[in-house]
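**Q** Okay, these came from TrEMBL:
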DOMAIN    4-127  domain 'Dihydrodipicolinate reductase N-terminal'
BINDING   10, 11, 12, 13, 14, 15, 98, 99, 100, 124, 125, 126, 127  NAD(+) binding site
BINDING   38  NADP(+) binding site
DOMAIN    130-263  domain 'Dihydrodipicolinate reductase C-terminal'
ACT_SITE  154  active site, proton donor/acceptor
BINDING   155, 164, 165  (S)-2,3,4,5-tetrahydrodipicolinate binding site
ACT_SITE  158  active site, proton donor
Ligand SMILES: NC(=O)C1=CN([C@@H]2O[C@H](COP(=O)(O)OP(=O)(O)OC[C@H]3O[C@@H](n4cnc5c(N)ncnc54)[C@H](O)[C@@H]3O)[C@@H](O)[C@H]2O)C=CC1
Ligand SMILES: O=C(O)C1=N[C@H](C(=O)O)C[C@H](O)C1
């Protein structure tokens, strides 16, 4: 594979700093710049903990103009991630987006823009291969068990709830099961939120605690039995083989792919 020139947005973050390491360690990847909301004009290796000698930009258009990247990896926040993804597509740069918290409307807009531009884009709520399998296995199980609740657990610095993975899992399950209102038909929440969020009748519960990284259990119930499908990420390195796969694949496609399950066999 020929060399892929990459810009990372959110490089100082928990995920972004891991992605910088991945790009530096991968022979056919080249880091050409990073996008930050501060440190304009500095080099990344001037910041503690980084060795890559690449420019830091606060202006994404300037970054794309000066570095001419093939791919933008975005690991920022829901609000800014959307702006970056649009800007990338408008500049002919293929986005690989791990940032979560995009609405259905955002995804539709990005899909339309990708079609207009005719270049590849990947938005993946979870890059960990084990998490992709958890979602796939849950989709299979949902054909046999109609009643399901999702419990996702994350560190307490997470901005969005439910998690992108929780939402994607519920969407994948919804695609194969008839909508069902679960629990007792007359149930009442004594305290608002007790039954969690509701996506097509599937309840999603979000736990936020220090000490956690990213964990999800999909809990199915049937007559006299339950089935639990669980995935745990214990560090951010767990996401990096998926980031690598996404960067390699985004160079070969000309449409928007939402979810890594669509590019792994
Ligand atoms: N798809 C996946 O597998 C995973 C996705 N995530 C998602 O990735 C995103 C980042 O997560 P973390 O690294 O934990 O967050 P973080 O808070 O550690 O990092 C976010 C970074 O974005 C930067 N940032 C904020 N505003 C910016 C702007 N205007 N321009 C450039 N950079 C800006 C911050 O300075 C920070 O360095 C979140 O949306 C999270 O849900 C996290 C883990 C795995
Ligand atoms: O913010 C995180 O940490 C994570 N976010 C993603 C999500 O919202 O699903 C992926 C993973 O769960 C970690």
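Each Cβ is built from the backbone N, Cα and C atoms, and glycine gets one as well.
If you look at the structure here, what lies around each of the features I listed?
**A** Within 10 Å of the Cβ of residue 125 (NAD(+) binding site) there are 24 other Cβ atoms, across all protein chains.
Within 10 Å of the Cβ of residue 38 (NADP(+) binding site) there are 8 other Cβ atoms, across all protein chains.
Mapped onto DSSP classes, the domain 'Dihydrodipicolinate reductase C-terminal' (130-263) shows 41 helix, 39 strand, 54 coil.
In sequence order, 163, 206, 207, 208, 212, 213, 214, 215 are the residues near residue 154 (active site, proton donor/acceptor), counting only same-chain partners six or more apart with C-beta under 8 A.
For residue 155 ((S)-2,3,4,5-tetrahydrodipicolinate binding site), the Cβ neighbour count at a 10 Å cut-off comes to 14, with all displayed protein chains included.
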**Q** What does DSSP say about residue 14 (NAD(+) binding site): helix, strand or coil?
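**A** Looking at the DSSP assignment, residue 14 (NAD(+) binding site) belongs to a helix.
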**Q** Of these binding-site residues, 10, 98, 164, which scores lowest on Cβ atoms within 10 Å?
**A** 164
**Q** Can you tell me which of the binding-site residues 10, 14, 127 is spatially closest to residue 38 (NADP(+) binding site)? Compare CA atoms only.
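**A** Result: the closest of the binding-site residues to residue 38 (NADP(+) binding site) is 10.
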**Q** Consider only the binding-site residues 12, 100, 165: which of them have a Cβ under 6 Å from an atom of ligand 1? Write none if no residue does.
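**A** List returned for ligand 1: 12, 100.
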